[in-house]
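A.B. asks: Supplied in structure tokens, the structure appears directly below.
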Amino acid sequence: MDGQSLATLSNLVLYGAMGVYAFTMIAFAVHLAFAAGRASRRAGGEQAAVAEQRVAAGVGGRGDAGEVGSPTARSAQRSSDAAERASLGARAGGWAMSLGWLGTLLLGASIALRGASVQRAPVSNMFEFACAAAFLVMLIYLVLAMRRPLRWLGLFVVTPVLLALGLAITVWYTEASELVPSLKSTWLVIHVPVAILSTAIFTISFCVLLLHLAQARREARKAAGLPVRFDNFLAALPTAASLDRTAYGLVVVAFPLWTFTLIAGAIWGQQAWGTYWSWDPKEVWTFVIWVIYAAYLHARATSNWSLRTANIIAVVGYLAIIVNFTIVNMYFPGMHSYSGLVTP
């Protein structure tokens, strides 16, 4: 097959991956819905049990334990229904994981076909970067979910992945082409893949951070006796402390990778343009992101910052990543203008 045929096949496989991810998202949503329902029933179970004990005590225990309509019979029926619903939820989670692996394999195949069509690493423009980042986000999540119970996170990972792929194929798509001269360097397969990897880890951390902020607010309102919106849904998630540990651990891994990205980019810039730093918009924003996440880690290491404030800093850091990838790439001219898009 020639390069154009391989590029066309790559796009078709990408559409297939997106279709599989759509079903993955639905399966994760079903799994989470059953988990939320289970949490709601568990929250009300103790009150129901106490009420039934009072009813049984009030009639002096005259009701037969096996009699239809007795407290014991009703409790047994509820337990049976709960077990059936839990089984359906678990199966939905299993289907979601299997579909997630299938979609990720298809996405990996699409990226490989794109690389074969141009005979280079497919990481040189916004479309290719987005596809590679989406692939790594899903791969990292799926690998972590094999070792830890993370199915509750699946919906919040696959949804932004599907959104990114949709934007990649519709808004950021560029035809397969040769590299511009300044990108023809060994540093392309060092600097850019590490940037993609760190972005993928930051993405998962961002998803967990948003859930942490919502869960922390829920726990604070419940402790104060105030009503909570989406209480059943949030009850199906881990505690705020657990979510915080997960998000923090991911940032701790991603931050050194982003640091390497910044340093490697400076070295590559010296080789390509004769200067380590040129105040190019992309360079500046990459450094801004580094500073924001450094501030987050500093805030976590000191006692002068509240946990909520520190985590909001991390959220701002990821928003800066989005600005860097979209607005800076598309609308700020500079030596890093490799988006491949024609913009006003």
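Yeah, the Cβs are placed from backbone N, Cα and C, and that goes for glycine too.
TrEMBL labels come from automatic prediction, so no person has curated them.
The domain 'Cytochrome c assembly protein' annotation in TrEMBL covers 124-336. Under the heading region 'Disordered', TrEMBL lists 60-80. Residues or ranges marked as transmembrane segment in TrEMBL: 12-34, 95-114, 126-145, 152-174, 186-213, 247-269, 284-299, 311-332.
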A.B. asks: Give the one range among 12-34, 126-145, 186-213, 247-269, 311-332 whose Cβ atoms make the most pairs under 8 Å with those of the transmembrane segment (152-174).
C.D. replies: 126-145
A.B. asks: Within the same chain, where does the transmembrane segment (95-114) have neighbours whose Cβ lies under 8 angstroms from its own Cβ atoms, ignoring anything closer than 6 residues to its ends? I mean 6 or more beyond.
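C.D. replies: Residues packing against the transmembrane segment (95-114) from afar: 6-7, 9-11, 13-14, 16-18, 20-21, 23-24, 27-28, 30-31, 122, 128, 131-132, 134-135, 138-139, 141-142, 145, 151, 154, 158, 165, 176.
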A.B. asks: Can you work out the mean pLDDT of the predicted model over the domain 'Cytochrome c assembly protein' (124-336)?
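C.D. replies: On average, pLDDT over the domain 'Cytochrome c assembly protein' (124-336) sits at 92.
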A.B. asks: Cβ under 8 Å, sequence separation of at least 6 from the ends of the transmembrane segment (284-299): give me the contacting residues as numbers and ranges.
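C.D. replies: Long-range Cβ neighbours of the transmembrane segment (284-299): 202, 251-252, 254-255, 258-259, 261-262, 265, 305, 309-311, 313-314, 316-317, 320-321, 323-324, 328.
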A.B. asks: Of the stretches 12-34, 186-213, 247-269, which racks up the most C-beta pairs under 8 Å with the transmembrane segment (311-332)?
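C.D. replies: So the stretch in question is 186-213.
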